[in-house]
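Student: Mind looking over this structure? Questions follow.
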Amino acid sequence: MDVNPTLLFLKVPAQNAISTTFPYTGDPPYSHGTGTGYTMDTVNRTHQYSEKGKWTTNTETGAPQLNPIDGPLPEDNEPSGYAQTDCVLEAMAFLEESHPGIFENSCLETMEVVQQTRVDRLTQGRQTYDWTLNRNQPAATALANTIEVFRSNGLTANESGRLIDFLKDVMESMDKEEIEITTHFQRKRRVRDNMTKKMVTQRTIGKKKQRVNKRSYLIRALTLNTMTKDAERGKLKRRAIATPGMQIRGFVYFVETLARSICEKLEQSGLPVGGNEKKAKLANVVRKMMTNSQDTELSFTITGDNTKWNENQNPRMFLAMITYITKNQPEWFRNILSIAPIMFSNKMARLGKGYMFESKRMKLRTQIPAEMLASIDLKYFNESTRKKIEKIRPLLIDGTASLSPGMMMGMFNMLSTVLGVSILNLGQKKYTKTTYWWDGLQSSDDFALIVNAPNHEGIQAGVDRFYRTCKLVGINMSKKKSYINRTGTFEFTSFFYRYGFVANFSMELPSFGVSGINESADMSIGVTVIKNNMINNDLGPATAQMALQLFIKDYRYTYRCHRGDTQIQTRRSFELKKLWEQTRSKAGLLVSDGGPNLYNIRNLHIPEVCLKWELMDEDYQGRLCNPLNPFVSHKEIESVNNAVVMPAHGPAKSMEYDAVATTHSWIPKRNRSILNTSQRGILEDEQMYQKCCNLFEKFFPSSSYRRPVGISSMVEAMVSRARIDARIDFESGRIKKEEFSEIMKICSTIEELRRQK
């Protein structure tokens, strides 16, 4: 039957229909090919916004650098990065005046964090630029490689395990005349296969030592690798994002810790909180502005958009902010926090893989690596690419582009929020000294501005003043993309406010459905998503019930586990029917074994195994929860696991779900094809790393695991732990004397081997 879509909306208030206009159903667009073009765009744009600055040359690397700070004030509405140092410092001073002690207290909190943070903090995060191999790696591997290189070059402060000591090594590494690194390479050779007598290519992986001089090392240490941001909805063009190397990460972490601590104390900051807490915080600011404007004043809200926030921010400005925020603090603390912005004002952007050329006529493909862009003849490129390359050439060194102004995406979200809030703070009447005043919300580059004034002229004047004040610190409010409404209706970080926040349910759509981890986890995640949306996103009972039925249907099609009494034929139906017929209590079968669905919206919080346990046949229970089942490679499963769910915007977020280990919680094996590539050496390192960590966790179950104090290696810690445990077990009679002495002998042997090594 045909449904007239307008009928659906007759009874729906307009604000609730907003979510139907969002581009959030279907697959998001992904990028293919290299990100080189996007990165060049970023570099060229950033320099264009700051073009009236001063050019200098970095004495260590020879990179040309553009410094727009205190540059000419803009005379038009074009975006520009000419922040004025004195204005930024004054904004900081007023922020401190309105929040007495805020900087002081945040510094004290951060100092404590700095002294306690361990190096393993840097293993969090996904892809990281690994400077030793000059490409991206998982964070843990990149860190291990960096530490390995540091130690072989006589930098050993990191052995204490404290992040601050690792950073001391980073500083020292920059003073060394040369550094020796280990790189992976592969040899190919043609050999005859004995079985088939055909020629085959054999690949062997080697590691070779390589010396890097000071200049090359500095370039690598200051390099941000770039990639294309994937899965961005609602955009025609892709854009580049950056991933910094291990030298920069630790310093950034401490700066962001300080800025986070400040943001927590600022009522206008949308970071670092999220979800319902964020909504409550925002609602407070709106309430304040509306209460004060009841009778005499008008109140308007701008749903704000800034032009190219990152590309107009400047690390030198952040340095000025940090210098001000940490005044009166100990010298070591000020130094460690000022390194991140200094490194960023000397940063290099790696241009990625380069360009792919193909000749349709000759069926040839060839890749032009980024390193060649400086010297290659431009006649091969089309016009737009040619322009890009010409523009970027003066900035190129070894396939990286010098990029002093601008901040790459997502590096200093917290600190840039502090800057934004400091301008919102200037809207108080005591600072505007006139009839209009403003307040608002800031979350990284997103803002909402609420202006109150006795009449429309006052509102206009207030907005103009805000706009011009922002220009002074390198923030460019976009007049084209911002819009103004009577206070009570606005959008901020994809929250829609209409006399209270409206649930924007469409944003959660991508996280509904079957995740594809395994049968056990998928069932659990699916129902948890529905439960969470009932709690947080106005998912009503009828819709939730429907979502649940759709989910079960989707799940059965994904795993081909239709009910045992169904007519649908799949390649699993023979086995499932047999199981169905043998089972006395059919209600006890899991959905993934062809059982019925017992979920409804009242019991979504109960894992399926627990829900059906009492209904199961005894032998089915035994098979389902059997740790000795040879077909299952079991993880030791905590009671709560984390799944990564994809909301429609923002990063993938982690969601907890209950995990019950059954024969359905399998872990798929690693793809074999990686074993024949140059990644193989890295994979072996990674597996060794994994094995060590797993072993360590066996000795220190999480309940008894405290942060190690003092310097002891993992091996020493495990040996001493083994001795203590063995003694306790022996004295309580859990192990025999022979076993006890054998354990002690093994411990001594390990220590002996360590001494010989």
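All residue numbers here begin at 1 and follow the chain in the order shown.
Each Cβ is built from the backbone N, Cα and C atoms, and glycine gets one as well.
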Student: Pick from 187-195, 385-393, 673-681: which range does Swiss-Prot record as motif 'Nuclear localization signal'?
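Tutor: The range carrying the motif 'Nuclear localization signal' annotation in Swiss-Prot is 187-195.
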Student: Of 161-168, 249-256, 417-424, 713-720, which range does Swiss-Prot call region 'Promoter-binding site'?
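Tutor: Residues 249-256 are the ones Swiss-Prot records as region 'Promoter-binding site'.
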Student: Would you mind telling me which of 203-216, 301-314 Swiss-Prot tags as motif 'Nuclear localization signal'?
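Tutor: Swiss-Prot lists motif 'Nuclear localization signal' for residues 203-216.
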Student: Which residue counts does DSSP give the motif 'Nuclear localization signal' (203-216) for helix, strand and coil?
Tutor: 3 helix, 11 strand, 0 coil
Student: Would you mind listing the long-range same-chain contacts of the region 'Disordered' (50-82), meaning Cβ under 8 Å and 6+ residues beyond its ends?
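Tutor: Cβ under 8 Å, 6 or more out: 214-215, 218-219, 222, 307-308, 311-314, 316-317, 345-346, 348, 394-395, 397, 402, 404-406, 471-472, 474, 476, 478-479.
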Student: On the DSSP side of things, how many residues of the region 'Disordered' (50-82) fall into helix, strand and coil, could you say?
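Tutor: Secondary-structure composition of the region 'Disordered' (50-82): 0 helix, 8 strand, 25 coil.
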Student: Tally the residues of the region 'Promoter-binding site' (249-256) by DSSP class, grouping H, G and I as helix, E and B as strand, and everything else as coil.
Tutor: 8 helix, 0 strand, 0 coil
Student: Restricting to the same chain and to residues at least six past its boundaries, which positions have a Cβ under 8 Å from a Cβ of the motif 'Nuclear localization signal' (187-195)?
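Tutor: That would be 201-204, 206.
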